């Protein structure tokens with residue numbers, strides 16, 4: 001048996017099996033010969049025939065031992081072969097797992113996360129626009145149904161936005177006070193490394209979405225850009241926590257900052273349909289440090305979100321096809337004269353100074369509201385009085401049969417923007433009966449007041465209310 005194993009032995013594993021079997025055979029043969037010698041010494045007086053029979057019996061008993069040893073040899077070879085197959089299988093499995101982990105971590109997870117973020121924010125933006133549009137339609141319907149009864153019209157015109165604004169304020173205060181305000185200053189603080197609790201949680205997301213939807217549906221001149229940046233950042237943070245169950249990459253604090261930066265870009269992109277504007281805004285928010293790797297992340301997520309947002313509008317038949325959010329009908333063959341270029345430059349310079357002046361006024365108002373005095377303590381104690389007072393004043397000033405007829409108060413915020421992009425020369429038709437086909441733009445014309453006075457009053461009103 002030992003010779004046969006030496007002829008067929010191959011690798012180190014088989015040599016080890018041969019050594020073990022050889023030691024086992026030597027032990028068995030040694031014990032067998034020792035007991036046989038003792039038997040011959042005790043029974044030495046027996047005949048040769050007895051010795052021959054004893055030899056035959058020993059030979060017969062030795063054959064099953066050889067068969068058992070052959071079975072042990074076969075079992076050892078099978079075990080070694082199975083171990084080698086298992087080792088090679090585990091190596092292949094580990095190699096495949098490493099490749100899959102590398103691809104998912106370096107390529108797949110970013111794409112999956114950005115696509116999910118874009119789809120989620122597009123769906124949230126479209127849902128909020130749809131709900132607020134239906135609310136504004138109900139607002140206008142109630143006002144038209146009460147036509148001819150001025151006191152009831154005024155009551156409906158004032159009470160409808162008041163109800164929505166109070167609900168929005170109360171809901172945010174009870175569910176998540178961190179959702180109050182635009183959220184951009186707090187987001188800048190978080191991106192600079194300060195930990196603010198409860199600002200990027202699911203509770204704040206729900207309070208912000210419902211509160212902003214109610215505020216937009218009230219008809220008040222409020223926008224959704226600032227709050228929507230906060231909403232997108234919350235959505236990115238919550239989605240990153242969900243993705244952390246599948247990968248530890250999203251538990252890295254540096255990755256968390258990149259996620260919030262991408263959320264800022266997506267918030268502006270799906271709000272106005274401007275991916276480039278979203279990326280530029282994300283750079284503005286993270287003015288201290290902006291990683292270059294966030295350029296393509298922010299642009300891809302914002303583009304995907306803006307595209308899905310416009311697709312939802314087409315499905316809902318709000319638009320015929322995918323176009324700009326605020327579309328114009330200016331002539332493309334002759335858009336402007338050369339002498340108009342200095343006027344455009346002057347408008348840009350004046351708007352820049354007005355923007356800086358608006359920021360200064362807003363800062364003074366905020367500092368005054370935070371200054372400890374009797375009025376601020378009273379407003380902090382009774383939080384609903386301030387939004388109710390502001391809503392009541394704005395609704396009274398924009399009441400169409402009243403002072404609102406001098407500032408197009410009948411139009412809702414989005415309708416105002418769309419009508420201002422209409423291609424009509426108001427100076428030629430001002431002071432005369434409105435021609436047919438003006439549509440909503442007819443509210444900008446008054447028989448006794450110049451259109452420039454109406455535009456100036458509208459401008460002052462919007463600056464003060466914002």
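Every residue, even glycine, has its Cβ placed from backbone N, Cα and C.
In TrEMBL, the transmembrane segment annotation falls on 384-403 of the listed ranges 384-403, 404-423.
It is 228-247, from the ranges 208-227, 228-247, that TrEMBL records as transmembrane segment. Sequence-distant contacts of the transmembrane segment (228-247) (same chain, six or more residues past either end, CB-CB distance under 8 Å): 104-105, 109, 112-113, 116-117, 120-121, 124-125, 179, 182-184, 186-187, 199-202, 204-205, 208-209, 212, 255-256, 259-260, 262-264, 266-268, 270-271, 281, 285. Residues of the same chain lying 6 or more positions beyond the ends of the transmembrane segment (341-363) and with a Cβ under 8 Å from any Cβ of it are 463, 466. Contact between the transmembrane segment (295-315) and the transmembrane segment (111-133) is present: at least three CB pairs lie under 8 Å, with pairs separated by 6 or more positions in sequence.
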